[in-house]
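Listed features, source TrEMBL:
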type	residues	note
BINDING	G8, F9, R10, G11, K12, M13, D34, G100, T101, T102, A126, P127, N128, F129	NAD(+) binding site
BINDING	K40	NADP(+) binding site
ACT_SITE	H156	active site, proton donor/acceptor
BINDING	H157, G166, T167	(S)-2,3,4,5-tetrahydrodipicolinate binding site
ACT_SITE	K160	active site, proton donor
Amino acid sequence: MIQVIVAGFRGKMGQACTQMILDHPDFQLVGVMDPKVDVKELADVSGYQACQMTVPVFNSQIQAFASVPHADIWIDFTVPEVAYQHVETALRNGVRPVVGTTGFSDEEITNLIELSQIQKVGGIIAPNFAIGAILMMEFAQKAAQYFPDVEIIELHHDNKIDAPSGTALKTAEMISDVRGINIQGHPHEVELIPGARGADYQGLKIHSVRLPGLIAHQQVQFGGKGEGLLIRHDSYNRESFMTGVALACMKVMGTDELVYGLERWI
Ligand SMILES: NC(=O)C1=CN([C@@H]2O[C@H](COP(=O)(O)OP(=O)(O)OC[C@H]3O[C@@H](n4cnc5c(N)ncnc54)[C@H](OP(=O)(O)O)[C@@H]3O)[C@@H](O)[C@H]2O)C=CC1
Ligand SMILES: O=C(O)C1=N[C@H](C(=O)O)C[C@H](O)C1
């Protein structure tokens, strides 16, 4: 059995991951982590009273690794302020990070990949674990070879902190890889209200919508001579990410470096 710790287990994604790991025949939940929880066992946490297993609750990563030195995987859906430190510490302790937390800078990702290569420890940081979202990004990259004029509209629930989303940034990066810098729109266009044209990534505009009722959605809209193309993905619930998280947990066991993006493995 692959032994897994879930960090941020009371969050929206953390809850979905905790349940997925509990239900999966190949995984064993050996701990959960949240600095603010004051009970010692998962079964004492609201919503988990039916849990038959003894799963310790940790308040820090150091406590978790000291108590469960044999853990294989650290799943992280927390906040950007702590996720970098979590990944670094996991790699240094030989525990494979499976990270969905968004907000890493390019430099941080490069540093962590280098550290994983030195440590020879596998792992993944993926801005989106939904299989359909990976396909949406790949289709968008293919389309950008023929339609270099493109804008991204990402739509999320209004509790999301970061904008643009990690998925939108990754999509923009993948599109830039094939089309380079491309300044779009009228060369003398004027924003009557600052920000009207959205955020700029090498000439590609990204628009972030935040509304109650939404979960996670993105459309990549292309325009060409006399034609348009719209590629859209919708996550209607957090289960949509769990196939990808489970796949990543299997794949990290067979690799010895950190990868950025689930597209490597589907
Ligand atoms: N890659 C993917 O497929 C997806 C990525 N995400 C990303 O995952 C992250 C979490 O999203 P979501 O679950 O919606 O957010 P939530 O706010 O629901 O959950 C975040 C959790 O992290 C906890 N937390 C805060 N500080 C720490 C810490 N130091 N150590 C451990 N846990 C901590 C919070 O606890 P408390 O509230 O008590 O502070 C909270 O329970 C975001 O960055 C989001 O963008 C989201 C969906 C899919
Ligand atoms: O915060 C979210 O909810 C999500 N965050 C990720 C992102 O920033 O792209 C993935 C998904 O869009 C949901």
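Yeah, the Cβs are placed from backbone N, Cα and C, and that goes for glycine too.
Heads up, TrEMBL stuff is auto-annotated, nobody curated it.
Sequence features, as recorded in TrEMBL, placed on the structure.
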residue : record                                          : DSSP class
G8      : NAD(+) binding site                             : coil
D34     : NAD(+) binding site                             : coil
K40     : NADP(+) binding site                            : coil
T101    : NAD(+) binding site                             : coil
A126    : NAD(+) binding site                             : coil
H156    : active site, proton donor/acceptor              : strand
T167    : (S)-2,3,4,5-tetrahydrodipicolinate binding site : helix
Of the recorded positions listed as K40, H156, G166, T167, the one whose CA lies nearest the CA of K12 (NAD(+) binding site): H156
For the residue listed as 'NADP(+) binding site', the number of other Cβ atoms found within 10 Å of its own Cβ: 12
Cβ-centroid neighbours of (S)-2,3,4,5-tetrahydrodipicolinate site H157, G166, T167, 8 Å, sequence order: T102, P127, N128, E154, H156, K160, D162, S165, A168, A216, Q218
Spatial neighbour of T167 ((S)-2,3,4,5-tetrahydrodipicolinate binding site) that is closest, considering only the recorded positions T101, N128, H156 and their CA atoms: N128
Listed recorded positions (R10, K12, H156, H157, K160), ranked by Cβ neighbours within 10 Å, top entry: H156
Recorded positions whose CB lies under 6 angstroms from ligand 1, from K40, N128, H156, T167: N128
Candidate recorded positions K40, H156, H157, K160, G166, pick with smallest Cα gap to T101 (NAD(+) binding site): G166
Integer Å distance between the CA atoms belonging to the residue listed as 'active site, proton donor' and G8 (NAD(+) binding site): 15
Pairwise CA distance, A126 (NAD(+) binding site) versus G166 ((S)-2,3,4,5-tetrahydrodipicolinate binding site), rounded so that it is a whole Å: 9
Candidates R10, N128, H156 (recorded positions) with Cα within 10 Å of G166 ((S)-2,3,4,5-tetrahydrodipicolinate binding site): N128
Recorded positions whose CB lies under 6 angstroms from ligand 2, from K12, T101, K160: K160
